[in-house]
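Lifted from TrEMBL, the feature list:
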type	residues	note
BINDING	CYS37, CYS38, CYS103, CYS132	[4Fe-4S] cluster binding site
DOMAIN	37-146	domain 'NADH:ubiquinone oxidoreductase-like 20kDa subunit'
Amino acid sequence: MGIEEKLPSGFLLTTVEQAAGLARKSSVFPATFGLACCAIEMMTTGAGRYDLARFGMEVFRGSPRQADLMIVAGRVSQKMAPVLRQVYDQMPNPKWVISMGVCASSGGMFNNYAIVQGVDHIVPVDIYLPGCPPRPEMLLDSILKLHQKIREEKLGVNRERAAREAEEAALKALPLIEMKGLLR
């Protein structure tokens, strides 16, 4: 005769997931990892004109232990890669990453041995933001898309199941080398 017998299956957990998602999306604390010219646009986003505080992101955190969003803005050198990974590992779970700019996403015009050709080789990326450098409005849009992703994220056992299903889907996907698109 408990509450779980009276409610439809999964109702209580779904409601808790929605409430937790709303709370988590409204209190994201970004850690800056500005490495090049994209960092200037990221700082502009935090200024008064664009007002990042209205999305619950008042202050860019200086310590990774106080942040749950890493915005990688700019090119990542081979020497900076272990530092980037260390900062990511020090962040508490759940954590998210935005790759800001074409240099962070794919190496950009720096196609050489010294620059990592995509930050996703080092840390898992949730949102890719194109541009050289991307405008502050584009960063705000990517943050809103990340908020939507955070709101829809599952909790507990459902989160593990969703991660497993996503990994299986990625393994079944067609490899990039075999894709036929406009460039082939």
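A Cβ is built for glycine as well, from the same backbone N, Cα and C atoms used for every other residue.
Here the features listed in TrEMBL are placed on the structure.
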| residue | record | DSSP class |
| --- | --- | --- |
| CYS37 | [4Fe-4S] cluster binding site | coil |
| CYS103 | [4Fe-4S] cluster binding site | helix |
| CYS132 | [4Fe-4S] cluster binding site | coil |
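Of the listed binding-site residues CYS37, CYS103, CYS132, the Cβ environment within 10 Å is emptiest of other Cβ atoms at CYS132. Taking Cβ-Cβ distances under 8 Å and a sequence gap of 6 or more within the same chain, the neighbours of CYS38 ([4Fe-4S] cluster binding site) are ALA73, GLY74, MET100, GLY101, CYS103, ALA104, PRO133, PRO134.
Listed in sequence order, the residues ALA36, ALA73, GLY74, ARG75, MET100, GLY101, VAL102, ALA104, GLY108, GLY131, PRO133, PRO134 complete the 8 Å Cβ shell around the [4Fe-4S] cluster site centroid, once CYS37, CYS38, CYS103, CYS132 themselves are left out.
Confidence across the domain 'NADH:ubiquinone oxidoreductase-like 20kDa subunit' (37-146), taken as the mean pLDDT and rounded to a whole number, stands at 84.
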